[in-house]
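If you check TrEMBL, you get these features:
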ACT_SITE  LYS74  active site, proton donor
BINDING   LYS38, LYS62  substrate binding site
BINDING   THR149  NAD(+) binding site
SITE      ASP110  site 'Important for catalysis'
Amino acid sequence: MFDLMDEWGPEKIVAVSDAKTGMKGVLVIDNTARGIGKGGTRMQPTVSVDEIARLARVMTWKWASVDLFYGGAKAGIQADPVSPYKEEILRAFVRRLRNEVPEEYVFGLDMGLTENDAAIINDELGTRGAAVGTPYELGGIPYDQLGITGYGVAEAVDQAVATTALAGRRVALQGFGAVGHAAAERLHALGYQVVSVSTAAGALHDPNGLDIPTLLGLRRELGDAFVSALPELKIESGTELFVDADIVVPAALQDVIDVSNAGNIKGRLLVEGANLPTTVEAQAVLRAAGVTVIPDFIANAGGVVSAAFAMDARHSAFRPETGQIFEAVSTKLRANTIQVLEETQRRGGTSHDAARSLAQERVKQAMQLRGKPLPVNA
Ligand code: NAD
């Protein structure tokens, strides 16, 4: 159950439902000391308040880590994104949050939502300002289609490889969605060999390196089911992160690396493309085993950098050049990767602890500048 009530937040939890559509959802605004709540909106049948609160907290640290002025928040809708009633459910959800949007929270993309859904949100609330990640044709920055988060994950991999002088360049990857496919594309362009990939429909492995341009073409044609087009490369689902590789990139689900399997990771570098892919206990196991970890809120922060551009674009007739966004993502994420590696070395412990303490310092300063808190138990 929900156990995240501490000095950082959450500031507000709004649970909503609608009997007509069966919609159930939640908005968690975690900490707005540095700016209004901004974080993606997830649609999955298993969404829970606890999960959204954990993800909202990740957003608090993510915004502070990239030093951009928004606060941590996240929304979740408990529904199947392939439901024929997706649009009705989505409209019912956003209608219920009229009081909070866009003054306290702006919708964005996360698992289960696409650019088109962002357009529907704006339509439902009658404003261009309710959601970011809208299509290009509506003046938005379609950051999932552009693959900006995955691009940033690959940039973080490349920087960590350079900083730690890692010799190998073989990558085990989980997930081939908005983040995973774009990470594979950029890693391939940077000369990395992706040896395993997966989708919800199955996993593929080729120790000599998968043909990424072919997989990208198959994905465009067949979606997640493309893995079934290559039966000779299939491996058991769930084993794709544990194959022989130098670098491991989970880019799909949360909590996939836990204390029961962390010891089976063969890579020496793990870069978190997904949010919360490693449990706290697993992070300690990886640390003890000498695996370098780049935390989620550092490695997948390309999404928030582009979301920050998109927040401005909501009120502007001008749109930034996409090249400018990619450049900003690369610069910020490479600098942050170096900083976190250095800080981890300086203070010991896990890289998550080191990265969190840097982010917390910024959030704490903002909270203090907004007024002196009462003494504890006042
Ligand atoms: P997505 O829905 O586009 O893709 C998810 C991918 O994971 C799909 O390929 C799906 O088939 C795969 N998948 C689902 N279940 C699986 C399983 N059991 N085994 C293997 N693969 C499985 O989602 P996304 O936007 O790519 O998000 C992935 C992760 O990245 C999430 O944790 C999300 O919170 C995080 N993230 C996304 C963004 C973004 O900009 N999209 C930004 C930051 C973090």
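Backbone N, Cα and C define each Cβ position, glycine as well.
Small disclaimer: the values here were computed from a predicted structure and weren't measured.
Taking the features listed in TrEMBL, we show where each one sits on the structure.
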residue : record                         : DSSP class
LYS38   : substrate binding site         : strand
LYS62   : substrate binding site         : helix
LYS74   : active site, proton donor      : strand
ASP110  : site 'Important for catalysis' : coil
THR149  : NAD(+) binding site            : helix
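Among the recorded positions LYS38, LYS62, ASP110, THR149, the residue whose Cα lies closest in space to that of the residue listed as 'active site, proton donor' is LYS38. Around LYS38 (substrate binding site), the same-chain residues six or more apart in sequence whose CB sits under 8 Å from its CB are MET59, TRP63, TYR70, GLY71, ALA73, TYR105, VAL106, GLY108, VAL132, VAL304, ALA307, MET311, listed in sequence order.
Taking only the Cα positions, the spacing between ASP110 (site 'Important for catalysis') and LYS62 (substrate binding site) is 15 angstrom. For the pair formed by LYS62 (substrate binding site) and THR149 (NAD(+) binding site), distance between Cα atoms is given as 13 Å, rounded to the nearest Å. The 6 Å Cβ screen around ligand 1 retains nothing from the recorded positions LYS38, LYS62, LYS74. By the criterion of other Cβ atoms within 10 Å of the residue's own Cβ, the least surrounded of the recorded positions LYS62, LYS74, ASP110, THR149 is ASP110.
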